Amino acid sequence: MSDIIDGRAMARALSERTAQAVAMLKAEGIDPTLAVVLVGGDPASDIYVRRKISECRKVGMGSIERRMAADCGEQALLDMIDTLNADPAVHGILVQLPLPPGIDAGRVLDRIAPAKDVDGFHPVNVGRLSTGSQGLVPCTPLGIMMLLDSVIDDYRGLNVVVIGKSNIVGKPVAMLLLEREATVTVTHIETRNLPDIARAADVIVAAAGAPHLVRGYWVKPGAVIIDVGITRVVDHDGASRIVGDCATHELDHAKAVTPVPGGVGPMTIACLLSNTVLAAQRSMA
Ligand SMILES: Nc1nc(=O)c2c([nH]1)NC[C@@H]1CN(c3ccc(C(=O)N[C@@H](CCC(=O)O)C(=O)O)cc3)C=[N+]21
Ligand SMILES: [Mg+2]
């Protein structure tokens, strides 16, 4: 039976450390604050944004919610970001993705001050990550590394297969793993013989957004599996649930797996809070 890596427990532990750091900053007169910007009324985004705000509250962190209509126009959004950039009471800024059609996400993310870019999506932070220098690291990849660190102490020479080449997960997690001197293979929709490539992996990070893509026969005995997928499906009885990218019930021969829900997702939010504390700490220096 493989170990289940408990993302909820690890996120709770991280958030306790964040709460302590928040208290210390407050004692020094800084009230760490996250601004969350939501454009349009996508119900899934709405739920995520609420969850982020409520997690801020739990660690004693301030939050500002800015909602804009889907048709607000790109310029209004850029102006809003300029205001948040200039506000010394705001330490972190997150613009919830996806943005409605007609708004260029690249231009919006470019506008966020790199020091407040707690998602780590600004080109300056992407560049810093790829050169191994101090920036803000995207939350999901950061959370994945913490989950992996609970079962792996030396990455040197390990074969890691990352499934999915997104800017949000695949590419940045590959950078973090390279920094630890793993041998990293990033695969994508055009990759040939993916099951064979996966079978050579000591670690698989599945971030394709394809339910149950990774089957038991893709996985070598003793491999560690990180499941980043969160696809919402509706059951026969009409109930909605989320499923990951891995056929977890076929992975008893793995060393350890992350569950969905309760794995990577909670760590993503906990890392958002810890990034905001980091941004606030650096703003003092
Ligand atoms: N600018 C931006 N930054 C993001 O980090 C960002 C974003 N936009 N847009 C959407 C995605 C998605 N994302 C998740 C975060 C937490 C869970 C999470 O906590 N999931 C729980 C519960 C999931 C559920 O039940 O719906 C779990 O996996 O256990 C999921 C997904 C952050 N994203
Ligand atoms: Mg989210």
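Every residue gets a Cβ built from N, Cα and C, even glycine.
Over in TrEMBL, the protein carries these features:
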type: BINDING; residues: GLY164, LYS165, SER166, ILE189, ILE230; note: NADP(+) binding site
type: DOMAIN; residues: 5-119; note: domain 'Tetrahydrofolate dehydrogenase/cyclohydrolase catalytic'
type: DOMAIN; residues: 138-283; note: domain 'Tetrahydrofolate dehydrogenase/cyclohydrolase NAD(P)-binding'
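Annotated features taken from TrEMBL, shown on the structure.
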{"residue": "GLY164", "record": "NADP(+) binding site", "Cβ neighbours (10 Å)": "23"}
{"residue": "LYS165", "record": "NADP(+) binding site", "Cβ neighbours (10 Å)": "17"}
{"residue": "SER166", "record": "NADP(+) binding site", "Cβ neighbours (10 Å)": "17"}
{"residue": "ILE189", "record": "NADP(+) binding site", "Cβ neighbours (10 Å)": "10"}
{"residue": "ILE230", "record": "NADP(+) binding site", "Cβ neighbours (10 Å)": "18"}
The domain 'Tetrahydrofolate dehydrogenase/cyclohydrolase NAD(P)-binding' (138-283) [mean pLDDT, rounded to integer]: 97
Binding-site residues close to ligand 1 - of GLY164, LYS165, SER166, ILE189, only those whose C-beta is under 6 Å away: none
Three-state secondary structure, ILE230 (NADP(+) binding site) (per DSSP): coil
Summary of DSSP states over the domain 'Tetrahydrofolate dehydrogenase/cyclohydrolase NAD(P)-binding' (138-283), given as helix, strand and coil counts: 53 helix, 30 strand, 63 coil
Secondary structure content of the domain 'Tetrahydrofolate dehydrogenase/cyclohydrolase catalytic' (5-119), with strand meaning DSSP E or B: 60 helix, 19 strand, 36 coil
Maximum Cα-Cα separation in Å among residues GLY164, LYS165, SER166, ILE189, ILE230, which the record lists as binding NADP(+): 18
